[in-house]
């Protein structure tokens, strides 16, 4: 709040300063030659790569005492570090570098644009525009000028990386939009505006990640590790598919046995049957869905947006059924709560089933449409599927992480209340005299099964949410670090088509790449619940249900009439 007040005060001062400044950048041709260098005394401009300035400056201020209050108005922008170059840019305007040249050296247009791109969006939030007196078109492009300061950039990058890891705000928002020219030629896309890469320095539009695995400078994992991830996912998806199918068949064989409050497990199993099918299709399809050719070169890039119909279909199915599983988990906890705390019967809970279905299928459908409209679909090069938020931290947090956490939290509250009620019922039964041990034993078994299933669902789902948050916060740093190493390697500059100098390469945030165990746990946590559902239905009653179903089918088989047998014997 205090920061916002400071920024509002800054912008009010800026408006007044624009009216007071009558000397433009272009009027410096009449710059006086009777001048001398003086030591910088303006606090904001101390400890830069230069310590001597000259006046009048580029805005017409004749002394440092006059320029000091004017540049001090920008202190809030410096403090929030909206741009890595804002401090250097302002100082080269208000306290220009003193040299042996006749005129003071102006800041380069690139330096101005870097400062403007970082801070203009913040100014617009408060209803102000970038000051006309600092119009970047007034500054030179190729003449002698002050460019980016590498040490300043490094310090600012380190600050931004630390801020992102701590709070996850700048990483997830990524409001700064970089120039598309920063994207290497072989990663540049021509298929639409929905392609972009989230970097620590901002969002890089019209750009996508290469799909090819590389062992020299891998994007997180090399080819060998990617194969391990693909095999790992295939094994767990097959196991999840088999167990989910077994659960579905078990329910359908004797549906009356699984009334509410346990009926939602049927729909949970159906959701994970669909999720496992998506992963198996991704394994079989290799990179046909997650990757494609979207630029002017034959380089395969990660699919983003809804252009690839197959990719979009996989992503929607994966997202829809994952959100439905979260909703059915919440309904399962609610049904247990109604049965244990409010003493509702199975018929009373079943009467609410139309509302349960409307919520569990309707809300995910709305979210799935939103995902498509916002182009939040992209490919996962490690599994071959398409899903939400692999290269989009905002989508991963808003569409995946948040619903999972909300459903887990609400479900946990309902579950704890239900279990507490069962504990009270157990204490009450102990006071009875008829068949006490038998009743207590049945209740304890039910409590044990409910608690075990809740743990086997909650732990993997919570782990999945934690890994998603970890991925969303660190993905911009991983991408920027990978792009930095590609940019500075001479053999990669030509291979990828970097068109700007090495000095302009992205800074290395020095964030360690994730361990393979993180992504192994990510994929298993999305599939293991399907196996958990099968554990719930495994019992002696299940064997009895299958035996009865077999006998029922056998009794329907056609029998040979007796007189036909007699004829054949003759």
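The first residue you see is number 1, and the count goes up from there.
In case you wondered, yes, glycine gets a Cβ from its N, Cα and C as well.
Feature annotations, courtesy of Swiss-Prot:
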type: SIGNAL; residues: 1-16; note: signal peptide
type: TOPO_DOM; residues: 17-230; note: topological domain 'Extracellular'
type: DOMAIN; residues: 32-148; note: domain 'FZ'
type: DISULFID; residues: 37-98; note: disulfide bond
type: DISULFID; residues: 45-91; note: disulfide bond
type: CARBOHYD; residues: 51; note: N-linked glycosylation site
type: DISULFID; residues: 82-119; note: disulfide bond
type: DISULFID; residues: 108-145; note: disulfide bond
type: DISULFID; residues: 112-136; note: disulfide bond
type: CARBOHYD; residues: 149; note: N-linked glycosylation site
type: TRANSMEM; residues: 231-251; note: transmembrane segment
type: TOPO_DOM; residues: 252-264; note: topological domain 'Cytoplasmic'
type: TRANSMEM; residues: 265-285; note: transmembrane segment
type: TOPO_DOM; residues: 286-319; note: topological domain 'Extracellular'
type: TRANSMEM; residues: 320-340; note: transmembrane segment
type: TOPO_DOM; residues: 341-348; note: topological domain 'Cytoplasmic'
type: TRANSMEM; residues: 349-369; note: transmembrane segment
type: TOPO_DOM; residues: 370-395; note: topological domain 'Extracellular'
type: TRANSMEM; residues: 396-416; note: transmembrane segment
type: TOPO_DOM; residues: 417-449; note: topological domain 'Cytoplasmic'
type: TRANSMEM; residues: 450-470; note: transmembrane segment
type: TOPO_DOM; residues: 471-515; note: topological domain 'Extracellular'
type: TRANSMEM; residues: 516-536; note: transmembrane segment
type: TOPO_DOM; residues: 537-570; note: topological domain 'Cytoplasmic'
Most Cβ neighbours inside 10 Å, all chains, among the disulfide-bonded residues 37, 91, 119, 136, 145: 91
Candidates 265-285, 320-340, 396-416, 450-470; stretch with most C-beta pairs under 8 Å toward the transmembrane segment (516-536): 450-470
Residue 45 (disulfide bond): secondary structure state under DSSP, collapsed to three categories: helix
Cα distance (Å, whole number) from residue 51 (N-linked glycosylation site) to residue 45 (disulfide bond): 8
Using Cα positions only, nearest of the disulfide-bonded residues to residue 98 (disulfide bond) (108, 112, 136, 145): 145
The transmembrane segment (396-416) versus listed stretches 231-251, 265-285, 320-340, 450-470: most Cβ pairs under 8 Å: 320-340
Residue distribution over DSSP helix, strand and coil in the topological domain 'Extracellular' (370-395): 7 helix, 6 strand, 13 coil
Listed in sequence order, residues with CB under 8 A of residue 112 (disulfide bond) and six or more positions away: 89, 134, 136, 139
Pairwise Cα distance for residue 37 (disulfide bond)/residue 51 (N-linked glycosylation site) [Å, integer]: 10
Criterion met for the transmembrane segment (320-340) and the transmembrane segment (231-251) (at least three Cβ pairs under 8 Å): no
Cβ neighbours within the same chain of residue 51 (N-linked glycosylation site) - under 8 Å, at least six residues apart: 39, 40
Residue 37 (disulfide bond): secondary structure state under DSSP, collapsed to three categories: coil
Integer average pLDDT (0 to 100) for the topological domain 'Cytoplasmic' (252-264): 88
Secondary-structure category, per DSSP, in which residue 112 (disulfide bond) falls: helix
Helix, strand or coil at residue 119 (disulfide bond) [DSSP, three-state]: helix
Folded-back contacts onto the topological domain 'Extracellular' (286-319), same chain, C-beta under 8 angstroms, at least six residues removed: 185-192, 194-196, 208-212, 274-275, 277-278, 364, 367-368, 371-372, 375, 377-381, 383-388, 390-391, 399-400, 497
